[in-house]
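Step one of this worksheet: look at the structure below.
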Amino acid sequence: MNIFMIAKNNIKKAKLATATLIILIAMATIFLYVGISVLSNLDTFIENKNIGLNGAHFISIADGSYDSSIDEIYESIAGFDYREREDALMSLSSKFQNVNTNEEAYAISSIILNLDTDRSISKVEIIDAAAAMPENGVVVPYVLKVANGYQTGDNLKFIVDDKSIDLVIAGFYEDLMFASPSNVSMYKLYVGDSQFSELLSQPAYGFKCSYSAVITDDLNGSEEFESQYTEKIKPVTSERTGSYATLNYETMKTGVSIFIHIIMAVLVAFSIIILLIAFIVIKFSTTTHIENNIKNIGTLEAMGYTTTQILNAILLEYLLITGGGYIIGVAAAFGISPAISNVVSSSIGLRWLTGINPQAAMLSLGIIMLSVLGISYFSAVKIKKITPLTALRNGIETHHFNKNRVPLDNTRLGLNTALGLKSFFFNKKQNIIAGIIIMLLSLVCVFAFAMYYNFTADKSAMIKLIGLETAEVQLRVEENNDQLLNDIADMSGVESTIALDTFDGFIAYNGHESRAITRITDDYRRLKVDTCVKGRMPVNDNEIAITSIVLDSMGAKIADTVSIEYTGVTKEFLVVGVIQQFNMLGKGAAITTNGMKKLMPSYEAKNLMIYLNDNQDTDEFVTHINNLYSGQNIQCASYFESIELMLDSFESAVKIVVTACLAIIAVIIVFIMFLVIRVRLLGEKIRLGVSKALGFTSNQLICQILISEMPVIIGASLVGAIAGYYLSNPLMAVMLAPNGILNCDFFIAPGLIALTTIGISLLGLGTLLIVSGSIRKISPWKMFEEGGN
Amino acid sequence: MKNTILKAELLSKTYSNGSIMQHVLKNLTIDIKAGDFTVIMGSSGSGKSTLLYALSGMDKPTLGTITFKGQEISGYSNDQLAIFRRKHCGFVFQQIYLNETMSVLDNIIICGLLVSRDKKAIAVKAKDMLLKVGLTAECYHKYPSQLSGGEAQRVAIVRALINAPEIVFADEPTGALNSTNAINVLDVMTDVNAAGQSVIMVTHDIKTARRANRILYLKDGVIIDELNLGIYVKDDPERHQILREFLESMGW
Ligand SMILES: Nc1ncnc2c1ncn2[C@@H]1O[C@H](COP(=O)(O)OP(=O)(O)OP(=O)(O)O)[C@@H](O)[C@H]1O
Ligand SMILES: [Mg+2]
């Protein structure tokens, strides 16, 4: 009760520090709570969603002629439960355009199913269903609603080469397997019976295939199921064609959650930085509190308060502040839950509803409370050693009589500059604190800008992380045809071409085996995207480069010898480099064409990456090729556009997160400046009063404050920005490390250092002018009189 | 015969400033009786404050023992000392030391709450005591900076007395006050003593010292002599004369 009274009084007295702390803690709570609740629920959410819709564990899309063989394969794999097969239309060079949102047509391949088919696996539950299904109605993935703003009733143009059909969006569906183009760059669409038949009858739009969805006994065995399937289908399909795609639950689940994992990790990291700032503020305000109140503390002790009681009062003070900040934070988190839902939904492509999550709320409360109480205990525990007498007699040793760094008698500086510098040295401790905080924030600022720039404006660094080539067009031939490949390389509009194949390989080392999508090309120096982070790419036929995820899972490293098994043949390869890629969940490797020939002497390149000149329109080129070689067994489609499309789906999420971070940084800077200056003005009120009485004008005093604070702000923001310039990439790499990323190459314009420094300095200057303006209003007399309240 | 309430035996206090040892109190033995009004006098730096704070358990002696009603307190821990002070001691300081951020009433209540949980009763008692020292309702919610020096010191006295301590310690309580205010404050102290509470006061003002029935004279950490004046009588020229002669003989 009495302790409560002291705590209440402390809070009342330090209104500004209290407000700052409440805001900091509220913000830390928002980020921590959101981060924890999303991260902890994501897995079960996806799992439950899949269970609810009886989502497939495995999907294969193949030529209908293999239906019976495929069924035999299924039956032969342990754990197979049942499957559903249906006809589908596969369109590899399809393009889409939502006429209502004024977007440009973009290329993404698609698989179209009949909405009216009965199915028990991956049931279609339509969200925002049209009142009546139109003849040309189409049900599209939910991600298009949240990430791209599509609405029921919008006109969706389905374009293949120079033909197109107008469809009308009749609703959205959720399916983990085709949740987001960031995972599978293919749209799965549902159209009505008559529309489906009409499409099937027009071969120009695509080819008929068998789409089969499998349920197994074990959801978490789907990856294994897929690898067994791939292994077994190889000898069945002639020349490895005819099996178009396979998807499994585990890979898709990890895939859809990667990005949101990154975003939430950023949020949690940011909340930790805010907490760090809160700790600095606590340390600072506790120390000032003890210094300013040492006589009160001494008197209380003299009256019979134990130091434990006084310490408890200080702890109670922070407990109340933390409680307040926490409640505001949690309330705010609920308030912004629609925005959170949107960020999560648009990146995982499933309808996420942010509900109240008591565990996350308790966990963030626990983390924040314990750390705040710990910090305030350690910054205040020194009062336990203070006897009432030392408190009353000496106060705590605070004034060190430093060397006079700015002697007025022989300085060449102007009076204000000299006095400003004097107080700069005098307030060293506060300046250091303000400096550290501003430095941290400036670093975060650069990091946030860098993220923004590289996720939205220039995505090349992201593309590099993903590890896919930036070729505009991809061409697949069913049979190797050097003539055709050379012809294309010589075509006008083509800048260069490179043969780049991939196969599903199994790499073994020391008894450990790992799957890796292995790339094959002649000369890796000719690739536009260099994914090598250590060592070098393979040059000789016995060399291989492997991603760190695969290497780690096998316990191998550079200079070790691994073996690859391919259709019964096993060969050894020397690891000469480490590569990184998001693509295929970081499971990748690279060997040379000659290396591949060791595994399969008859191997010949079948996949061509085509880079176009800047002025060559991609769609025109694709149409031209498809028309030119129609009848020959080739597939030509735009390639890079679909990668861009998947990156676009992250854009809105990154924008929201970055904007929130920047706004919060600005708020924190303003509050910290307010706090530091207010504490200074209070501490120096006698000196300022005397100065005024001696004849200094308010402007001179304000000018002195500016001179004593601005170097700190400018210096700290510059140092922080430079640190941000050098640390953003390592920081990003640390956050992406679980995804096998060792090295980030985000572009950070050097101008960003200047921009951040100037921005933060101006913000600081504005705040300083506003706070120190209060000097103007106070008469010298008042300055002496004014109590701390 | 009065009972001994506070007793110091062979009390020593030594400060070390780096390599220099300063013996501020040297083997002092004092016996304070219940109900006494004791004044400690002596030149500046002779160790008066040091003695007062050692006696009251605000500071620990280097050597020697202090017993309160037969209970040795010199070995207490800091927390035990704090509990001892809240139960048995009241303090009045020269610099007053009211909490500037709390109203007059809160300054008193915060101390009352140490002993009682009944905030209402404490407030009633505080108001009653404020009235006795001549402070009316209009000052209850004032802040210390809005009071005159004398008013503030009277509030501090009420604060010291709120838990009815057996001993009131005062270190030059009138040092910062003008003569009218000083007399006001001393009248209150005299009333307190008349009501049965012991008072131990440090002063170097002869008019203040006149209030005491016992004067201890301290020089270089040793009590060189003492004077018994008997019960305080107002405007007694003889009493004043005896005290003056005593102090002169001490070389004051
Ligand atoms: N914490 C300390 N450390 C070192 N020396 C101290 C300390 N406190 C007091 N002293 C020294 O002890 C001596 C006695 O101090 P004390 O305050 O008791 O004197 P005093 O008799 O009360 O003087 P005054 O009448 O000026 O108040 C002084 O010489 C002082 O310098
Ligand atoms: Mg003294």
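A Cβ is built for glycine as well, from the same backbone N, Cα and C atoms used for every other residue.
Sequence annotations record features per position, and here TrEMBL assigns transmembrane segment to A:21-40, A:258-282, A:318-340, A:360-380, A:432-453, A:656-681, A:701-727, A:747-771. The domain 'ABC3 transporter permease C-terminal' annotation in TrEMBL covers A:269-388, A:662-780.
Long-range Cβ contacts of the transmembrane segment (A:360-380) within its own chain (Cβ-Cβ under 8 Å, at least 6 residues beyond either end) map to 25, 28-29, 32-33, 36-37, 40-41, 275, 278-279, 282-283, 286-287, 290, 311, 314-315, 317-319, 322, 326, 330. According to DSSP, the secondary structure content of the domain 'ABC3 transporter permease C-terminal' (A:662-780) in residues is 101 helix, 0 strand, 18 coil.
Mean predicted confidence for the domain 'ABC3 transporter permease C-terminal' (A:662-780): the pLDDT average there is 83. Same-chain neighbours of the transmembrane segment (A:318-340): 7-8, 11, 18, 21-30, 33-34, 38, 282, 354-356, 361, 364-365, 368-369, 372-373, 376, 656, counting only residues six or more beyond its ends whose CB sits under 8 Å from a CB of the stretch. As a quick check, the transmembrane segment (A:701-727) and the transmembrane segment (A:21-40) miss the bar of 3 or more Cβ pairs under 8 A, pairs 6 or more apart, so the two do not touch. Here the transmembrane segment (A:747-771) sits apart from the transmembrane segment (A:21-40); fewer than 3 CB pairs are under 8 Å, leaving out pairs fewer than 6 apart in sequence. With DSSP classes pooled into helix, strand and coil, the tally for the domain 'ABC3 transporter permease C-terminal' (A:269-388) is 104 helix, 0 strand, 16 coil.
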